[in-house]
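Below is one structure, written out as structure tokens, with a few remarks after it.
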Amino acid sequence: HLLQFNKMIKFETRKNAVPFYAFYGCYCGWGGQGRPKDATDRCCFVHDCCYGKLAKCNTKWDIYRYSLKSGYITCGKGTWCEEQICECDRVAAECLRRSLSTYKNGYMFYPDSRCRGPSETC
């Protein structure tokens, strides 16, 4: 669920998804095209690819079980879809944390019109 993903992002990065990631680069937020702009944007690209493999799941709204303890995100038991969505979100949130040192404020509200060219394949 998007709100759960936001909590994971906040836990890992200490930043709220909105405004820091919702419109970042070419892939953070809805959709995406072109080449990822940097490591943070690549985290979002990989997250989009992860969700893309779950076409039969309601990736944005399915509620899953997870815990935030001792500095770690742990996905809990649930349906196959819930567990897979949680893993996509967990991996992305951890990726965003690893990319904090190269986060660029200039990509925070990056216009889609500047995301041109062919998209990479997943």
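From the backbone N, Cα and C atoms, a Cβ is placed for every residue, glycine too.
As annotated by Swiss-Prot, site 'Important for stability and high toxicity' applies to H1. Its own atom aside, the Cβ of H1 (site 'Important for stability and high toxicity') has 17 Cβ atoms within 10 angstroms in the protein chains shown. The DSSP secondary structure for H1 (site 'Important for stability and high toxicity') is coil.
For L2 (site 'Putative interfacial binding surface (IBS)'), the same-chain residues 6+ apart in sequence whose C-beta sits under 8 angstroms from its C-beta are K60, W61. Per Swiss-Prot, the feature site 'Putative interfacial binding surface (IBS)' maps to L2 (among others); the stated evidence is experimental evidence.
Of all the Cβ atoms in the protein chains shown, 9 others lie within 10 Å of the Cβ of L3 (site 'Putative interfacial binding surface (IBS)'). Per Swiss-Prot, site 'Putative interfacial binding surface (IBS)' is recorded for L3 (among others).
As annotated by Swiss-Prot, site 'Putative interfacial binding surface (IBS)' applies to K10 (among others), with the evidence given as experimental evidence. In sequence order, N16, A17 are the residues of the chain that are 6 or more apart from K10 (site 'Putative interfacial binding surface (IBS)') and have a CB within less than 8 Å of its CB.
The site 'Binds Q-49 of CBa2' feature in Swiss-Prot is assigned to R14. Within its own chain, R14 (site 'Binds Q-49 of CBa2') has no residue 6 or more apart in sequence whose C-beta sits under 8 angstroms from its own.
Counted within 10 Å of its Cβ, the other Cβ atoms near N16 (site 'Binds G-45 of CBa2') come to 13, all protein chains included. Taken from Swiss-Prot, the feature site 'Binds G-45 of CBa2' covers N16 (among others), and the record attributes it to experimental evidence.
A helical conformation is recorded for V18 (site 'Putative interfacial binding surface (IBS)') in the three-state DSSP classification. The feature site 'Putative interfacial binding surface (IBS)' is assigned by Swiss-Prot to V18 (among others), with experimental evidence given as support.
Per Swiss-Prot, the feature site 'Putative interfacial binding surface (IBS)' maps to F23 (among others); the stated evidence is experimental evidence. When other Cβ atoms within 10 Å of the Cβ of F23 (site 'Putative interfacial binding surface (IBS)') are tallied across all protein chains shown, the result is 16. When secondary structure is read from DSSP and collapsed to three states, F23 (site 'Putative interfacial binding surface (IBS)') falls in the coil class.
Neighbour list (C26 (disulfide bond), Cβ cut-off 8 Å, at least 6 residues apart, same chain): G32, Q33, G34, R35, P36, K37, D41, F45, Y110, D112, R114, C115. Taken from Swiss-Prot, the feature disulfide bond applies to C26-C115 (among others), supported by experimental evidence.
Same-chain residues at least 6 positions away in sequence with a Cβ under 8 Å from that of Y27 (Ca(2+) binding site) are, in sequence order, P36, D41, R42, C44, F45, H47, D48. Feature annotation from Swiss-Prot assigns Ca(2+) binding site to Y27, G29, G31, D48.
Taken from Swiss-Prot, the feature disulfide bond applies to C28-C44 (among others). Of all the Cβ atoms in the protein chains shown, 23 others lie within 10 Å of the Cβ of C44 (disulfide bond).
Look at Swiss-Prot and you will find G31 tagged as site 'Binds E-93 of CBa2', backed by experimental evidence. G31 (Ca(2+) binding site) falls within neither a helix nor a strand when secondary structure is assigned with DSSP, and so counts as coil.
According to Swiss-Prot, the disulfide bond annotation covers C43-C95 (among others). Counting only same-chain residues six or more apart in sequence, the Cβ atoms lying under 8 angstroms from the Cβ of C43 (disulfide bond) belong to C28, A92, C95, L96, S99.
The Cβ of H47 (active site) has 22 neighbouring Cβ atoms from other residues within 10 Å, across all protein chains displayed. The active site annotation in Swiss-Prot covers H47 (among others) and is backed by similarity to another entry.
Residues or ranges marked as disulfide bond by Swiss-Prot on the basis of experimental evidence: C49-C122 (among others). C49 (disulfide bond): 15 other CB atoms within 10 A of its CB, across all protein chains. Under DSSP, C49 (disulfide bond) is assigned to a helix (H, G or I) in the three-state scheme.
Per Swiss-Prot, the feature disulfide bond maps to C50-C88 (among others); the stated evidence is experimental evidence. Non-local neighbourhood of C88 (disulfide bond): H47, C50, Y51, L54, T59, each in the same chain, at least six residues away, with C-beta under 8 Å from its C-beta.
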For C115 (disulfide bond), the three-state DSSP class is coil
Neighbour count, 10 Å Cβ-Cβ cut-off, for C81 (disulfide bond): what number do you get?
15
